[in-house]
Amino acid sequence: MDSPKAGGGELIGFTLQVPRGRWFMMFASFVVMAGAGATYLFGTYSKAIKQTLGYTQTTLNLLGFFKDLGTSVGVFSGLIAEVTPTWFVLLAGAATNFVGYFMVWLGVTGKIAKPKVWQMCLYICIGANSQNFANTGVLVTCLRNFPEGRGIMLGLLKGFTGLTGAFMTQIYLAIYGNDSKSLILLIAWFPPVISILFVYTIRAIKVVRQENEVMVFHKFLYVALSMASLSMSIIILQKQFIFTHVEYVASVFVLCCLLSILLLIGIKEEHLLWIRKKQAAKPPIEITVEKAPLEKPKSLPLLRAVDNIGQIGESLGYPTLTISAFVSLVSFWNFCGRVFAEILLEKISFPRPLIIAAVLLLTCAGHLLIAFPKPGSLYVASIIVGFCLGAQLTLLYTIISELFGLKHFATLFNCGQMASPLGS
């Protein structure tokens, strides 16, 4: 019979293993990615920039272009990731995020002299570019740690990025109320805090094959779908009823409880690995990234969704909370597109180029609804555009990893993002 001292030692050993394990790293990656899509909130706070600084719509469009430029040109983060460890990439992203958006907030709130247009363009470009560091650090590391589950894992990770708009909208309403200027401040400090918190957790870990990896990712998927569905329900309720501050806080608390389930799943898998490590008679099967199975190469295009959804809603006479609902809808369906694109492909084994062609055709329908609006059509357009954008992104990154492998994925997938500003 084991002594209590031995049992306590095992508990300590397991507790120390959890934060060093692949599954806890996966949970940390989900959290970081959930804060790495703040650029989707531009439609919510762009009105505050326009009114406070006296910008015309043309100037605001220029700001939007530089935001998209910063978001899409991630070659620098990719090159840095090739020669530096993951913790440096995450810290660089945290620093650029804070500097860029904090300067935007200072300019909008009048705490510094009114910045020139070129300065605002520079600030928002720097802030938007920061998400490439988080994307690169997380995606590349996770692909190397889970090379055989790249499809569904990429969909989940990018799906959480797509949900950033919905999550951060609820957080800012709970903390600051309906103050879009304070949303810029939240974007400035919240994602960097997350990156710093998990800066040493997200790292390359020795790949040990597990037969149930796909099943674990399916569990993550079910929780993520629950979070997305809850976010959607909250958006609908907030559209129908006026929420108090306590109700906004309660909404965030419920979302955090669902997020903690991801952590529990990770801890459970680490516990199973801990038991297997102690009891297994045979050593685990090790694989290298080069041995990971690759599918046949396919081709790749990408198209950026409409950025000024907030301005479109304002021009059609929608109130501020309804415009926030549009942005959240784009985020929710963006998540659905990113997650379900690869899952559907696994079920029907359809060529990715044809899937992308179909998605682009559907995107045209969403753009037509925006160009020729009817009462309520912007809701449908938000759903179509959000879903199509999400599906394209997941397909793009999966195809790049299959065409060129994972050795230089940090640089290659950031090069793929440049299709968006070139198309614009």
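These residue numbers are counts, starting from 1, taken along the chain as shown.
Cβ coordinates are placed from backbone N, Cα and C, and glycine is handled just like the others.
Remember, TrEMBL labels are computer predictions, not curated facts.
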Per TrEMBL record, range annotated transmembrane segment [choices 62-81, 122-141]: 62-81
Between the transmembrane segment (152-175) and the transmembrane segment (378-400), are there at least three Cβ pairs closer than 8 Å, leaving out pairs fewer than 6 positions apart? yes
Could you tell me what the rest of the chain brings near the transmembrane segment (23-42), counting residues at least six beyond its ends with Cβ under 8 Å? 64, 67-68, 71, 90, 97, 101, 127-128, 131, 134-135, 137-138, 141-142, 145-146, 156-158, 160-165, 167-169, 183, 187, 190-191, 194-195, 198, 201-203, 205, 216, 220, 224, 259, 262-263, 265-267, 269-270, 273, 307, 310, 327, 330-331, 334
Rank 87-108, 249-267, 353-372, 378-400 by Cβ pairs under 8 Å to the transmembrane segment (62-81) and hand me the top one. 87-108
